[in-house]
Structure formats: C-alpha cells, structure tokens
Ligand code: NAP
C-alpha cells in the first residue's frame, strides 16, 4: 500500500513478511526500506510526521472497532505516536449485546472489575467468622444488602466508563458511538455513516457462549450474574473455568447453595493438576457442591419462577433460583463485515492473526479476545500497544505471550505463572518439583480450616524456574512479583538466594529447599 499524504509513513510487509517503512517525499517519490535500516534520525523525523492527519486521502490513520481494554490502549498509544485515530463503541449497558456495550469493554463493565468488587464484598463473610478467634465478641453475621452492593458496583463502573472516555479524549482519539462494520479494507461504517481509514484494528472482544440446549433462554451468564436484582439462595453454575469457579466462590460466600456442574473430571482445565485438586478440596470444604462429568441436558421453568436442571434424559429435575452458564466466551464478530474484506477466521469465528496481530488483510489488525490467544486484559493491552508501535512508532513489535501470569479469583484464589508440571515435563524432559501445603498463620487461631498450596517447577538441566503456582490468600498479589523473576529467567538458586519476608506466606517461595520429587519424561524407545 502507498499513500499520497505528504510525509506520512506507512508500514507494510515485504515479500518475506518483514515490515517495510515507506516514506513519501515532498515530490511524491516513495522510497521503501527495511525498518531495521532506518537510522535513529530518520526514524525520529518520520515518527514526528506520522499520521499528522487532516490532509490525507483517509479520514483516519487508524480506525479501531471496540473500546475495550485492547482497543482503548492500542488507540491511545497510536494517537500518542501522532496517528489520527477513531474508535467505534456501542452505547453503555451492563449487559453486552449486538446493540449495546460501552467504553471500557468487558473487563471494566462486566468482567474483571465488577467481579473483583463482588469478590471483595463476599470475602467479608469469612472475616466475620475469623474474627472470633482473635478475641472479637461472637456476633451474628450482619445482614448483607445485595441491592446496595450492585448499586455501588454500578456507580463505580459508570465512573470508570467516564474515565475511559476521558482517556480517549485527552489523547485526541475520536469516539464514535455506534456499531462499527467493515465495508471495505479502508472504510468502516458506523450506524450508516462511513469513515475512511488507512488501517483498521478489530478489538471487539467476546460474548458469553451458551450451548444450544432446551431451555437455553432461561439461563443467565456472567453479564447477568453481575447485575442480578436479587441474590439467589440456590444457584447452579455450569462450567469449571475461570468464571464458573470465581462466581461459585462469590455466591457461596454470600451464603447461597452452589452446585457446580461440568463435563470434565476436574475444575480449571489447563491449570496444574495439583492446583486443580487442591482447589477442589478447598471449595468443597466451603460447601460448594462439585459435580464432575455432569451437565444439564435441559433447563425447565418452574411455576414459582425457579429453574429446573435435568442432567439426563427423563431424569429428575433439581430446582434452583438461577442457572448460570459459564461455558466460555465466543469471539464477537457478528455483523462486523469480515466477509466484505475476506478476513480469515476459524470455524469458531476467531480472527486469525500473525505474530504482529495482523490479519490476512495487511492493513487490518485484531487484538484481544477476538483473536483467542490468551484471553486476559493485560494481554489485550500488550497486543494493542504492539500494534500501535508496529504501525506508528517504526518499531515492529510482537506481543510476547510467554510467561504471562494470571490469577483465578476463587476463594481461596489461584496465582500462576509459567508451565504446569505436565507442560514443563513435555517441554524440558526432567524436572525438580518443590511443593508445600500449610495452614496460614492467620488460620492457626481464626478457626478457618482453609490451607495454602505452593509449587515451584524447575527445569533440572538449567535450574531455571519454569512454573510457579499457588492456591491461597493473596496468591494473585504474590504471583505478580514472582512473575518478574520467572520472566527474567531466575533459577532455583536465585530463589534460594533471596531472603524471605517474615512472617508471610510468600516467604515460603524462597525457603523451599527439599525436592518433593524429580520427574523425567518417559522416552519412547527407538524402533
Ligand atoms: P473457560 O475458562 O474457557 O472455561 C469454560 C468452561 O466451560 C470449561 O469448564 C469448559 O469445559 C466448559 N465448556 C465449554 N463448552 C462447553 C459445553 N458446550 N458444554 C459444557 N461445558 C462447556 O471460560 P470462562 O470461564 O467462561 O472464561 C472466559 C475467558 O475469560 C477465559 O478465557 C479467561 O481467560 C477469561 N477470564 C479470566 C479471568 C481472570 O483472569 N481471573 C476471569 C474470568 C474470565 P472444558 O474444560 O471441558 O472445555
């Protein structure tokens, strides 16, 4: 692609896929050169002129569809590099649909943030129980107003959507309210109005997926669960991933009877096996009913407004106030106009991208959950920033998906970074495994039976720590610091050389000296 705008730089891929920098001179002469060949001075000059807007053949240098985490971050970084940027987003609503969404996206409006607020709210229940052991008079648990919590949560997400709008505004990113649809590779339509653009970034995220079973319309998803008018006393949650396990903890702590239905044999597929087993024990101990290999075949409406779950054809009906499905999320690509430009997707609608988040259409990029790489907010931020750098800062940047830490805000929470034992065994061949399970100091007199579990996975050959996992209080906070060391390539000897902070749970990570076991991959004998 070339541009007629004077002094504007455009990045394209050469035949070998390496980015090319094109610079249009005053006389309209176009010179192509490898980005790596561009000297610092030229780079600064070009960057200064990048996307100065207004005089070109396009309305925008970048048009982003979706103002969630990846879209906002990518847009504002692009604008900070001098690009003229617009972002289309639907009007605000707590529940997302084809016609409603809101600036901030899933994480801010109906995901991470409101979920964590509900986690905080629910955790007081345990604190009320724990305090007796520390000499506080025994007292009846105070009443909780679900309606008041939801109102506070809604006020907060309204505040946050306002902040996100201001971030766009302060960075001179134009917000266009409405549904963005790609008309051709340089045109986006928003509710009947068309805009031209040099590049498009799709950042439309995902929507809850509910399998097609009879009674599907009766169930709620995480969007609804975060905005229920009344706290259910008894709830069925279907699924065993992040969302299912987190909401099971929230409703359980608020006093609901919670039954988890899932098709696999353990919760949290993809996590370390010992973490899965340990968390199952802990949540079962708290009263969450864990039912593996059991999923509803039908959901029925009761006369009293309750919903019935049937788990085998012709089987008994079990009644609940709500049935929540947390069976994954599907990429939000409906009515996006991908077919108009031939952007390739998988059968599930996931947009296929290369290492630079570029689709098969060279000027169209996609970031975040719509690309189904690692579906986490900080990853979408990284991907959005990388696109902005690649396009507008003369720095072709691949997002780095290795050693991304994550947490499940279950109760107790899970923190993890790097490889599970099984993955590490497959990749590295021989491992030293260090584990520790203990009763946290607080629980020695709180009366709580909750325990913590920690695990370090070490590649025997290099001594590098390649996986760290924890189930227990503060594990998410602890893991963020550990993740820096793991990402930097710390060895077990480095961990051992670090002096602990006493008395904390975290110090256990630098004091585990005894190898729990050594494991080696069984080699298939050569034929
Ligand atoms: P998830 O973690 O992928 O879990 C989906 C669950 O639904 C799994 O238990 C899966 O079973 C089950 N499932 C999928 N299709 C099913 C079907 N047709 N019938 C029955 N069960 C089915 O997805 P999620 O919990 O919905 O979360 C969505 C995404 O949001 C995740 O990718 C996660 O990364 C992100 N998220 C992150 C956080 C966090 O960072 N704390 C919190 C919430 C969400 P199998 O395991 O057998 O496939």
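Backbone N, Cα and C atoms are what each Cβ position is placed from, and that goes for glycine too.
Its Cβ taken as reference, residue 502 (active site, proton acceptor) is surrounded by 8 other Cβ atoms within 10 Å in the chains shown. DSSP gives residue 502 (active site, proton acceptor) a coil state; it is part of no helix or strand. Marked as active site, proton acceptor by TrEMBL: 502.
If you look up TrEMBL, you'll see 116, 180, 369 marked as FAD binding site. Residue 369 (FAD binding site) falls within a helix when secondary structure is assigned with DSSP.
Summarising the annotation, TrEMBL assigns NAD(+) binding site to 239, 240, 241, 242, 243, 244, 245, 246, 328. Residue 239 (NAD(+) binding site) has a Cβ environment of 26 other Cβ atoms inside 10 Å.
Counting every protein chain shown, the number of other Cβ atoms lying within 10 Å of the Cβ of residue 112 (disulfide bond) is 17. Positions annotated as disulfide bond by TrEMBL: 107-112.
The domain 'FAD/NAD(P)-binding' annotation in TrEMBL covers 61-384.
Positions annotated as domain 'Pyridine nucleotide-disulphide oxidoreductase dimerisation' by TrEMBL: 404-512. In the predicted model, the domain 'Pyridine nucleotide-disulphide oxidoreductase dimerisation' (404-512) shows an average pLDDT of 98.
Counting only same-chain residues six or more apart in sequence, the Cβ atoms lying under 8 angstroms from the Cβ of residue 369 (FAD binding site) belong to 106, 205, 206, 329, 331, 332, 375, 380. Only 239, 241, 243, in sequence order, out of the binding-site residues 116, 239, 241, 243 have a CB under 6 Å from ligand 1. Excluding 239, 240, 241, 242, 243, 244, 245, 246, 328 themselves, the residues of that chain whose CB lies within 8 A of the CB mean position for the NAD(+) site are, in sequence, 237, 247, 267, 268, 326. Looking at the residues that bind FAD per the record, 116, 180, 369, the two CA atoms farthest apart are separated by 30 Å. For residue 180 (FAD binding site), applying a Cβ distance below 8 Å and a minimum sequence separation of six or more within one chain yields 63, 65, 66, 88, 188, 189, 190, 336. Taking Cβ-Cβ distances under 8 Å and a sequence separation of 6 or more, the neighbours of residue 107 (disulfide bond) in its chain are 68, 69, 113, 377. Here the binding-site residues are 245, 328, and the one whose Cβ sees the fewest other Cβ atoms within 10 Å is 328.
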